[in-house]
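Beneath this line is the structure, given in structure tokens, with notes to follow.
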Amino acid sequence: MTGSHSIACRTCAHVLVLLLGATVIRPAYGIIDRLVVQTSSGPIRGRSTMVQGREVHVFNGVPFAKPPVDGLRFKKPVPAEPWHGVLDATRLPPSCIQERYEYFPGFAGEEMWNPNTNVSEDCLYLNIWVPTKTRLRHGRGLNFGSNDYFQDDDDFQRQHQSKGGLAMLVWIYGGGFMSGTSTLDIYNAEILAAVGNVIVASMQYRVGAFGFLYLAPYINGYEEDAPGNMGMWDQALAIRWLKENAKAFGGDPDLITLFGESAGGSSVSLHLMSPVTRGLSRRGILQSGTLNAPWSHMTAEKALQIAEGLIDDCNCNLTMLKESPSTVMQCMRNVDAKTISVQQWNSYSGILGFPSAPTIDGVFMTADPMTMLREANLEGIDILVGSNRDEGTYFLLYDFIDYFEKDAATSLPRDKFLEIMNTIFNKATEPEREAIIFQYTGWESGNDGYQNQHQVGRAVGDHFFICPTNEFALGLTERGASVHYYYFTHRTSTSLWGEWMGVLHGDEVEYIFGQPMNASLQYRQRERDLSRRMVLSVSEFARTGNPALEGEHWPLYARENPIYFIFNAEGEDDLRGEKYGRGPMATSCAFWNDFLPRLRAWSVPSKSPCNLVEPVSRGSNTAAAVGTVVLLTLGLLLLTGSLAD
């Protein structure tokens, strides 16, 4: 066993066996004592905590793979070596190598997403939260709020546990495939496990070049160096370990639900379709991230170009790559991890243009996302998918920090509005850019500066998040999946970000993990109630595939009936009441998903419609003229209200 985790000595037990002359039979799986669980890799000892009057057993830092260091850097993960002593699983594991965001030093709103444990290449570990059967109404420990809704323990267990055990939620963090860690305070799943009566697990996976460096065309054999998607293989190995060991923790291996936000949500969508992981889970929760989003995947050609640039930046003799790839890779394995972590950002290509993402390698990701979706058979798959109201403002602030202030709204003049829009969509054809600017100009406000700021944020959120999510959700339904859609519109009263930023990307995460129910934190009661409602919905979805609570109807999402559920704590007398919307951002998404692809087809050939941050050819004067005519048609449609939100 490697890493920083200690192995507890079992000398006393061995002595007792000798004295009694007995034979010890170690169970293959299961609980040895209250806090020791026998897994397929070896026994682990966790810790106990009281949450909402219920005991939860917590296991941190459980290794599922060998440390991907030295000769294993840039390679697919190798399963961890079994251990024999009891592994101390009471400390948070290291975070995978990444750079910290320090645009606003000392600002808690930024710091909450930065790694809170040491970064290391030795980072492939799991965290697991297991609710026990004991439910104490007046248990000692932290008081996280009322537990009046608790039923009799036996009744609760019968109603919320399958014959095979508890449902298991497996969390995959976001971070643009460049950052993120399962150890963040916001991902502490104690409350989710206790209130939802579900087992929750999370994993670390490699990000950046360590997780996605792609050099397969230069390497003989896929099993060799830098095959790409190593971070996805990390996730796959972790999911397999959890499925294999679900029963040891009292879980049902057939009731595993993958859930993730941003890059985590995108990862979930890939796992449900990939031949590598298809069948490991039949349920997925996609929060503000799907594989078809422009930032969420890349072609092999682009990934190879980025890899070659990194090799050159690390002074590893790029000219030798074709002749002697092993020599180049040995050089890359000798480069300091910090150097690689810094140099990889040289390939950042503008807003959400991250240099790492799942790559179309022909193995883990067999084709572009929508082709994979069209070819997938998703009968029997349950999906909960959704997005937040203001997905774009967070990224707008970071990429145009000289234009905007974190704490106060900015009156953005028309010329600056045009400058930013042309920068964001600089790889689009001229007709496409004109169409985008036309669509997001605040005509009704007379180019009010504050409205200009709002509209730029909308353009970013719609293009990169909301509309890809809508497109993917509809594709899922057409391939046989049962889809429920949510829309999160609540701005938290304790938000540290400026009012103009609205309901940010990632704002729903704390509610799904139950953080507002922590009585020591400053949330309003309505927000605590909203969080409880979301925890119960997610947990019910994990058990049944339907997030609706008792007495509630949450219709399936479909093209002919695009109903979504609104999560919001404002002005609601009864948060369990039905709050529906229809066609999330229908006009905007008709523009991105239907109109722009047609405009592009009429102007110039393209490889991927709507991915307007990918290189495309500039349109000719004829194409521009065609685009102008089409824009006039679109304008008439908008003015007559043919497309309604």
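Every residue, even glycine, has its Cβ placed from backbone N, Cα and C.
Around Ser262 (active site, acyl-ester intermediate), the same-chain residues at least 6 positions away in sequence with a Cβ under 8 Å from its Cβ are Gly174, Gly175, Gly176, Gln287, Ser288, Gly289, His505, Gly506. Among the features that TrEMBL reports, active site, acyl-ester intermediate is placed at Ser262.
Remark: Glu391 (active site, charge relay system) has Ser288, Val460, Gly461, Phe464, Phe465, Ile466, Leu504, His505 as non-local neighbours, by Cβ distance under 8 Å and separation of at least 6 in sequence. Here TrEMBL flags Glu391 (among others) as active site, charge relay system.
As annotated by TrEMBL, active site, charge relay system applies to His505 (among others). Counted within 10 Å of its Cβ, the other Cβ atoms near His505 (active site, charge relay system) come to 25, all protein chains included.
If you look up TrEMBL, you'll see 35-592 marked as domain 'Carboxylesterase type B'.
Under the heading signal peptide, TrEMBL lists 1-30.
Residues annotated as transmembrane segment in TrEMBL: 623-644.
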Averaged over the domain 'Carboxylesterase type B' (35-592), what pLDDT does the prediction give?
92
Can you tell me whether DSSP puts His505 (active site, charge relay system) in helix, strand or coil?
coil
